[in-house]
Ligand SMILES: Nc1nc2c(ncn2[C@@H]2O[C@H](COP(=O)(O)OP(=O)(O)OP(=O)(O)O)[C@@H](O)[C@H]2O)c(=O)[nH]1
Ligand SMILES: [Mg+2]
């Protein structure tokens, strides 16, 4: 059926889609030209707010790209979509039952929030979450990270987290909060699910999977350091999953705290309109509270742990002028992204509190704006107003537009909107696995329907039926048993075998949701148990591999060594340490090695016959096709593909999976350096078989042979991981640090000097980064005492040495320099059996 209707007409009228074959503009074949899409870019998302057009546009990879880059998200709910979309005469989509949200659903979802706390390392996420849990009554007392008071923060429950003072695994919890709603002035009770994520980039998968299932987030920033390298990473992850965020500028108690510089950085570096919704009362050590610019109230924290919130209509004289200025700035920023406020501004009218609150919510949920809150978690200041902000400005589960793929439809068919109705068929996504004291624990987000204890659920990928023996809600490492859980909720179940990113249903639908983005490991090392190997060695590795898709284990075919790969040295170090502590298996490790890769740079044809006649049954298989370079798919991270275009049964279809297997086997080791090959598509076009001598083995070997033969014609190169390195050090060492980075062939991409410290951001090959931490320490430590405030120091000025710190994040793979390529090739040749003879 052709896609007619007003939207198409609009497109045609306004964007002169003359060269489009209108008959092909149906839901299955979108024929909008590239130029039109390019010109439509920003408008597409508006069009897409309407489901029938979304169905249409979601087909075109380019239009999907625009949806992503414009960062738009429909503020209308999936439920609303299902309810409001008229039965469309112009869409050739299968008819589906519409599930209505009951009044109870509507009421429950309205007061439900699922949020993540994400940010750069050490910005205070866990400290903040600890306060949130305390003020909401989930914990009785506040404990600090790093187990300073011999207890440790609730969300950092792992012994290693408390020792190292860093979050390694994300932890989920839930709480209730009675929020003061700015739009109505009423107090309303909300249920909030929270996931505290690690900031260290080596554990980035934890952020990735949390953001995949959350509806909103608090982006925490340090009031001194501002937007840091991992802030940009987290920002990218939030955009990937269209997660609206409110920003929280923490550490306002630190000397040099400057929220206005940080807000500027949010606007310029993260490129999202942002404005403060509060101004601080007092600075640094004298921070006493904040002025709420929307409700126009001064808010103070009193009591030993800040649990008494005192509000006053009297704005302190010393901040009155600033508050007026910043309220004006808030209105102006909103006017850029919100029509109602824009019109009021043109007419020189001041928005009311309700208008302002509604506009902030609309723009935040619509991914066009981030309201900025301020405070100090450690000093227990302004955390409660932030919680009010979570309830007021972040979306309800029904405002997140969630879709699934109906596997009973042809590949590429439009996604199906999910409706968070408790009576709809169950659809849930497993986003995290953990082996707990009571067995395998699977964290789930229920998107549609209700999950009940004792119920049978179906694994969408394998079709396996499993019973839900135990259903719990997590409170960090503790759990609370529940009988059932509704849509829009987060829970965990026991005893279900699956992988992260798998979908579960009640068996009445064939829906499957997309998984999360999994980055490739960049570093590897050889691992050997000390003494004799016990079953614990492989038990531990199997478990870690299952829980963490960025941790990989393989046995090197030549050296027979066990090789573990991951996102960085710390990532691997933690697992080695956990093997010792949790599995009583001490290991020796080899030198960390960079995960080099190989890739092809041009297309090459192949026509290859595998033939063997050795007395008994022969082997015969012929394969014809080509291999070509392939770009990475932004959504899935995939950059290898096998395509079968064989017609007429020239290769019987039962041998095609063996051909595909052969292709993946050939990719395991490139002939230049023995590293895996990436960025490559194999297109199988034709072939031949023999009625007796052809077998799966013959076809698998034929593809391997064909690939190896074609490989030399593809001008293959070796790739190395390039890292974004961010160094923060006292300003006096700037030239030493920059010199050190240059020595390592780094390219400086950004630098910023603040009062006493500076930040340099450089791109450096990972291979050139070994030993950098001791070099940096050597260059910056002990040469002077640098005063920084300590969070635990109260108001006393304490002097610490500040040795300079750096963090590293994978950016991309790039071809190595010719000299390194030659070295790697020579080294690999020496390991090959023929060279040893
Ligand atoms: N001055 C000051 N220090 C803070 C504040 N909040 C947290 N800190 C300190 O910052 C350090 C890191 O705090 P965490 O809460 O562990 O930070 P995080 O963001 O959870 O860290 P990762 O999870 O490892 O990325 C600790 O030493 C805290 O005491 C704050 O508001 N002011
Ligand atoms: Mg933490």
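From the backbone N, Cα and C atoms, a Cβ is placed for every residue, glycine too.
Quick look at what TrEMBL annotates:
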- 119-126, 196-200, 250-253: GTP binding site (BINDING)
- 110-398: domain 'Tr-type G' (DOMAIN)
- 78-97: region 'Disordered' (REGION)
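According to DSSP, residue 122 (GTP binding site) is assigned to coil rather than to any helix or strand. Cβ neighbour counts within 10 Å, taken over all protein chains shown, single out 125 as the most crowded of the binding-site residues 125, 200.
Close to ligand 1, meaning a Cβ under 6 Å from one of its atoms, are these of the binding-site residues 122, 197, 252: 122. Other Cβ atoms within 10 Å of the Cβ of residue 119 (GTP binding site) number 29 in total over all chains. Mean pLDDT, taken over the domain 'Tr-type G' (110-398), works out to 93 on the 0 to 100 scale. In this structure, none of the binding-site residues from 119, 122, 197, 200, 252 has a C-beta falling under 6 Å of any atom of ligand 2. For residue 122 (GTP binding site), other Cβ atoms within 10 Å of its Cβ number 22. Long-range Cβ neighbours of residue 252 (GTP binding site) (same chain, at least 6 residues apart, Cβ-Cβ under 8 Å): 223, 259, 280, 283, 284, 287, 374, 375, 376, 381, 382. Secondary structure at residue 252 (GTP binding site), as computed by DSSP, is coil. Neighbour count (other Cβ atoms within 10 Å of the Cβ, all protein chains): 28 for residue 197 (GTP binding site).
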